[in-house]
Amino acid sequence: MLSRLIISIFIIFETIYLQIFKPVNKTFKQGEAKLKRTLQTLQSRELSEIRKRAISTLCLIFLIRIGTFLPIPGTALNFDLESFQQNNSRNELANILNLLSGGAFLEIGFFTLGILPYMNASFFLQVLTKILPSLERFQKEQEEIAQREFKKWTRYLTVIWAFIQSIVISWIWIRPYALNWDFFLGLKVVVALTLGAVIVMIIAEQITEIGLTNGSSLLIFINIIARIPNSIEQLFNSNINWTFPMISSLILSLSLSFITMFVIIGLQESGRPVPVLIARQEAERQKFNEPITEAERRKTQAYIFFQLLPAGIMPVIFASTIFDLALPAFTNFLLQQGNWGYQLIKSFPFNSLFKDFCYLITIMLFSSNYALTIMINPKTLAENLNSMNALIPGVRPGSETKVYSEQLIHRLNFIGSFVLALVCILPSIVERSLGLPKLQILSPVSISIALGVAVDTTRRITSYLGSSSPFKRDSSKREPLKRDFSKRRSAN
């Protein structure tokens with residue numbers, strides 16, 4: 001009896017060891033091997049390149065944040081800054097400009113204009129290239145020269161646009177709060193703001209060249225992130241009755257913002273892969289009568305990936321520029337009180353479902369036009385496939401491929417832009433319905449830009465890591481394809 005009990009206990013412990021401790025030991029060994037590969041990667045050339053780019057990016061961002069709070073030289077004592085901040089802290093237009101400039105607008109800092117003039121100039125030149133066939137032809141035929149020329153033209157346009165914006169801000173925003181305003185003080189402010197925008201442009205270009213991601217997008221991302229503490233302080237300092245229903249409403253609003261983040265990431269990463277047949281590969285298979293399974297065909301299959309949202313977050317930025325910047329500026333500054341135009345614009349319910357509907361339509365229209373003019377050209381796609389002797393199965397080369405890709409882009413873009421617009425207007429609808437204070441940091445444009453930069457930075461870091469990353473699958477352990485053209489040739 002005792003021997004049976006001892007044998008049973010031994011069997012139980014052996015089972016526990018085989019089922020629990022042995023797999024855990026194996027997992028520890030695998031983790032140790034992965035850690036060694038990670039340490040090897042830390043010493044690799046690719047990660048060394050990432051470290052250099054990351055350090056360069058952080059140093060340039062540090063310069064931007066310092067310049068954000070530097071006052072305009074020689075003008076610190078000539079402005080009633082406290083009154084300027086109090087009167088404009090509840091102005092929606094001023095809050096948006098302050099958000100995109102990282103707090104420099106309400107501080108009347110050296111970098112008040114921020115990166116907006118450079119982004120406007122780049123976008124204007126992109127649209128102009130697609131509108132004028134001569135510019136598009138010049139860009140295709142002389143790519144390197146065109147790239148240098150476009151870069152130069154973008155800088156010139158940035159200076160012109162920054163000068164115009166500086167005049168508007170100086171004479172409309174700053175002048176009423178100046179203690180001793182004269183022409184020379186205004187000229188000094190205009191020159192300082194223009195120079196600040198040029199310095200921001202240079203830093204953004206350097207981040208793009210030696211940093212981790214696009215400099216313009218990264219600077220706006222940093223400015224948005226920098227306003228998070230102020231937005232939280234604004235929320236708690238507002239006159240809110242912190243009851244259970246209000247706390248529940250706030251949690252619901254935050255949950256909708258997180259849902260917006262996940263949906264935007266999904267839209268940016270989703271799409272439809274379309275298989276492409278390359279004539280040379282098919283000819284080799286037919287020449288050697290090579291049998292191929294469906295699994296092997298999937299591994300070697302070439303695809304064209306049509307994104308669900310080819311225009312990205314640009315439609316949201318464009319719509320926000322119209323309804324949050326252009327219209328308020330036009331209403332508040334270009335029209336006089338009591339004018340019939342002022343009363344007409346004021347009669348439109350821009351803070352209701354009508355604005356949300358206009359927002360949705362604008363995003364969808366701009367997304368459709370931007371996708372076909374800036375991002376993807378179906379005619380160029382068809383010409384490239386034809387030059388590579390490739391075709392889409394079931395679609396003839398040439399005009400049919402152009403029509404097919406056009407229709408596919410329209411369908412995917414309609415779905416993606418509609419979902420994007422719906423997700424962007426949903427938080428504002430909930431805020432108005434529940435009476436929550438509006439936080440600029442949780443606005444659709446803020447979330448879209450932040451996530452767009454995060455996704456782009458992740459892609460670039462992954463591309464820099466390359467094949468040396470220990471987290472990628474080891475291609476040497478995959479089963480090789482059952483193809484050997486050399487043996488077939490020798491046999492023949």
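Along the chain as shown, residues are numbered 1 onward.
From the backbone N, Cα and C atoms, a Cβ is placed for every residue, glycine too.
As given in Swiss-Prot:
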| type | residues | note |
| --- | --- | --- |
| TRANSMEM | 1-21 | transmembrane segment |
| TRANSMEM | 54-74 | transmembrane segment |
| TRANSMEM | 96-116 | transmembrane segment |
| TRANSMEM | 159-179 | transmembrane segment |
| TRANSMEM | 183-203 | transmembrane segment |
| TRANSMEM | 206-226 | transmembrane segment |
| TRANSMEM | 247-267 | transmembrane segment |
| TRANSMEM | 303-323 | transmembrane segment |
| TRANSMEM | 357-377 | transmembrane segment |
| TRANSMEM | 409-429 | transmembrane segment |
| TRANSMEM | 435-455 | transmembrane segment |
| REGION | 468-492 | region 'Disordered' |
| COMPBIAS | 471-484 | compositional bias 'Basic and acidic residues' |
Legend entry - Region pair the transmembrane segment (303-323) / the transmembrane segment (409-429), three or more CB pairs under 8 Å: yes
Legend entry - Listed stretch, out of 54-74, 159-179, 206-226, 247-267, 357-377, that has the most CB pairs under 8 angstroms to the transmembrane segment (409-429): 357-377
Legend entry - Long-range environment of the transmembrane segment (96-116) - Cβ separation under 8 angstroms, sequence gap at least 6: 64-65, 67-73, 75, 79, 81, 84-85, 88-89, 162, 165-166, 169, 174, 192-194, 196-197, 199-201, 204, 215-216, 219-220, 222-224, 226-227, 230, 320, 324-325, 440-441, 446
Legend entry - Long-range neighbours of the transmembrane segment (54-74), counting only residues six or more past its ends (CB under 8 A): 101-104, 107-111, 188-189, 192-193, 196, 199-200, 203, 206-207, 210-213, 215, 218-219, 222-223, 226
